[in-house]
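To start, the structure under review is shown below, and the notes come after it.
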Amino acid sequence: MRSHYCGNLNKSLAGQTVELCGWVNRRRDLGGLIFIDMRDREGVVQVVVDPDMKDIFSTANQLRNEFCIKFTGEVRVRPDSQVNKDMSTGEVELYATGLEIINRSEALPLDFNQTNSEEQRLKYRYIDLRRPEMSDRIKLRARASSFVRRFLDENLFLDIETPVLTKATPEGARDYLVPSRVHKGSFYALPQSPQLFKQLLMMSGFDRYYQIVKCFRDEDLRADRQPEFTQIDIETSFLSSNQVRDITERLVHDMWKELLDVELGQFPIMKFSEAIRRFGSDKPDLRNPLELVDIADLLKDVEFQVFAGPANDEKGRVAVIRVPGGASLSRKQIDEYGKFVGIYGAKGLAWMKVNDRAAGLEGVQSPVAKFLNADVVNGILERTEAESGDIILFGADKANIVSEAMGALRIKLGDDLELTDKKAWAPLWVIDFPMFEEDGEGNLHAMHHPFTSPLGMTAEELKVNPAAANSDAYDMVINGYEVGGGSVRIHNAEMQTAVFGILGIEAKEQQEKFGFLLEALKYGTPPHAGLAFGLDRLAMLLCGTENIRDVIAFPKTTAAACLLTNAPSPANPDSLAELAIAVKFAEKKDA
């Protein structure tokens, strides 16, 4: 039906007869001529319908926006005075010699010229995706997927599929369960990742594996998360963590160069401890110049217990952010920032305006200045390199609360005060994560997953002091988003059993849940390491949007619902009976 795409017409085709299929983007009647802006996935071209072509002209009079049509015609070069520089096809137009209305359209539930609610856009997603902005995003995502496959194929990786119906394993989030009709009362789990299967592939001798794969997590959603998401899953044998990072960094570097013509340069490497200390986050946005500065040692002897308490607590932290020019912030603005850090558990936000740096204590304005002597104030000013006109914002509490609250405040200040360079790209690697983290009740949990290898420790050493262990893990971060994470894996049964034991998984449970893995580790398992990228997140960054739903053709809402199909929905009672499942809702308790 079609010989060319609308958006691909140019002067080199002048004089040729072409056939185009697409949609009416706009219709105009001017000076007896009808002009149709015709659109397909590649762009828009202007079609001219001459009244001398009576049958075509009569049909063109019936056209309305979003009619699906086919035009046949001659490509003509526009006069210089009529060139439209705002269109990629603006140097040419199509002189119509044939027109077919393939399908008419009713009035649209979306208005392409206005901002529509996200609910409407998701309900009528098939129409929303016709918008050039959305179409361009989906196409760029497709190009990214194609690039990944080409790059990994060229680097000797094998594309191998792993099961979707599998066994539930503890990987940090709830599983989506699928009941078995054959094995009544038993359930499959949809994979949160192909983690164990890709490790088994390494044990099978396939030393370079990849897969672009759907994964599923039943967790609370955010703007950059979905219940089903796509991973670029990678695993290797006989490569160190440095070598895995080198390959995957080249993949992203070359992707940005090919798709955006952006040179990312070499990615800096930062330890987890440094990232938390300087930025309050293990995924720092390095485009933002603000940093956290620790000052606990300066405050140990002050009488103000809000500062002295955390300063003398080994699990406490006192850190500040110096905001250049921030002395101009109003009290109302500062109070709003105080409410903001409260979201993260902070009890308040102390502040100090530096009106005259040279005057020391006498030159600052602060509700807490009366609790501090001149030496302490001068020490804070010196350490933060404060200047006249700056403001210093204080966080004092348990270390995790201060890091999270002040890290989030740093991002907000960078956005609000336009300190973050939104046009820049700032990738980095974060390495040497803690092996375990506490849950608040003294129990240890794997920070990544329980198959991650500790860094430079034997199984016996790990058992002696697990809380002090670091893992051979690494995350790739771009502009404050974790786009990929990986690690060296445990490749012997002794270490894997030790890690399970530290996590409170008893021997019987180990066999029930991971017996197949522990058995496989007995048979010459090679050292192996890997990484998984979030394709949705990579596409989000490539497209310059902050909402992951913008780069997924048919996404779910933050309530994990599909407004287009009304999924999830109640199951047919007969289907439930066949599965031996009864649905019972918890009874509401009286207030």
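All positions are counted from 1 along the displayed chain.
Here the Cβ of each residue, glycine as well, is placed from N, Cα and C on the backbone.
ATP is bound by ARG217, ASP218, GLU219, GLN226, GLY534, LEU535, ASP536, ARG537 in Swiss-Prot, and the record lists one more residue there from GLU161, GLU482, GLU587, which is GLU482. Per Swiss-Prot, the range carrying the annotation region 'Aspartate' out of 123-126, 195-198, 375-378 is 195-198. Here the region 'Aspartate' (195-198) is broken down by DSSP into helix, strand and coil counts: 4 helix, 0 strand, 0 coil. Note on LEU535 (ATP binding site): other Cβ atoms within 10 Å of its Cβ, all shown chains, come to 23. ARG217 (L-aspartate binding site) counts 21 other C-beta atoms within 10 Å of its own C-beta, drawing on all protein chains shown. Taking the Cβ of GLU219 (ATP binding site) as reference, residues of its chain lying under 8 Å away and at least six apart in sequence are, in sequence order, ALA173, ARG174, ARG225, PRO227. Secondary structure at ARG537 (ATP binding site), taken from DSSP and collapsed to helix, strand or coil, is helix. Overall, the recorded ATP-binding residues ARG217, ASP218, GLU219, GLN226, GLU482, GLY534, LEU535, ASP536, ARG537 cover a maximum inter-Cα distance of 19 Å.
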